[in-house]
Amino acid sequence: MRFSVLLTGLAAAGSIATAERTCGAVPPRAYEKEFTEALNSLSPEAASADLTAGITIDTYLHVLTSGQTGNIPDSQLQAQINAMNQHYSQAGVQFKLVKATRTDNANWASGRDEAGMKKALHMGTYSSLNIYFIPNLSSGLLGICYFPRANPSQTTIIMDGCMVRSGTVPGGETTNYNQGKTATHEVGHFLGLYHVFSENGSCVDADMVADTPAQSKKTSGCPSSQDSCPGGGVDSIHNYMDYSYDVCMNQFTPGQANRIAQSWRAFRAGH
């Protein structure tokens, strides 16, 4: 999933003036069919066991720099892990930092040669999370992450994980998006979550989760309230899978936690 910022005015290198996030990609066409088939192969007890016991994910953080541009100190990397652990505690997920790497490569730090970068840096298995912090993702993107797939090839495993704009870590320079919640949002896709809003402006169950009301549009900024589909409940403006400012985001629902557990068991656990 691609997560981007529409720019207002000129942005200095390493500093972004932001208006709103926009998304430039959708889940794989066959994803929901794969998800349903994988779930049907599980016993209900298998997924519920993950909810009860919790999920711990081995996590590798990769910092890409061009000279000093994009460097993230260890303290901010730990702050990012701490933030994700806090955000996902309500969903029964925790992240264990196994290793952090730093690579000075101007090409990779500009978001180019994704395949070459991941082939060189990817660590762990399909159940491991790799996050690549990149200072200059193309077209103002804040993040890109891949949904889990059934029977992943070796190429799919290597290309897995998330690319996140460096300035979105806690204390970063990306205005309105510097509390570490871009990584939280992107990791939601890694764990099988869709956006809470419809991608085509309709009032449908866009995210396949019963306790997130239908929402026909993404949230911009941090409104006091928003109800784009009257009658079904107000929009999930505080949900990590919307597009609100970081300060507005503070919630996963029980239904999302259940989908994460199901997705984990179906696609990633033991792989």
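Cβ coordinates are placed from backbone N, Cα and C, and glycine is handled just like the others.
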From the list Cys203, Cys222, Swiss-Prot names as the disulphide partner of Cys248 the residue Cys222
What whole-number Å value do you get for the CA-CA distance of Asn200 (N-linked glycosylation site) and His189 (Zn(2+) binding site)? 19
Integer Å value for the Cα distance linking Asn136 (N-linked glycosylation site) with Glu186 (active site) is 17
Between His189 (Zn(2+) binding site) and Cys248 (disulfide bond), how many Å separate their Cα atoms? 19
One residue among the glycosylation sites Asn136, Asn200 has the fewest other C-beta atoms within 10 A of its C-beta, namely Asn200
Looking only at His185, His189, the binding-site residues on record, which one has the least crowded Cβ, with the fewest other Cβ atoms within 10 Å? His189
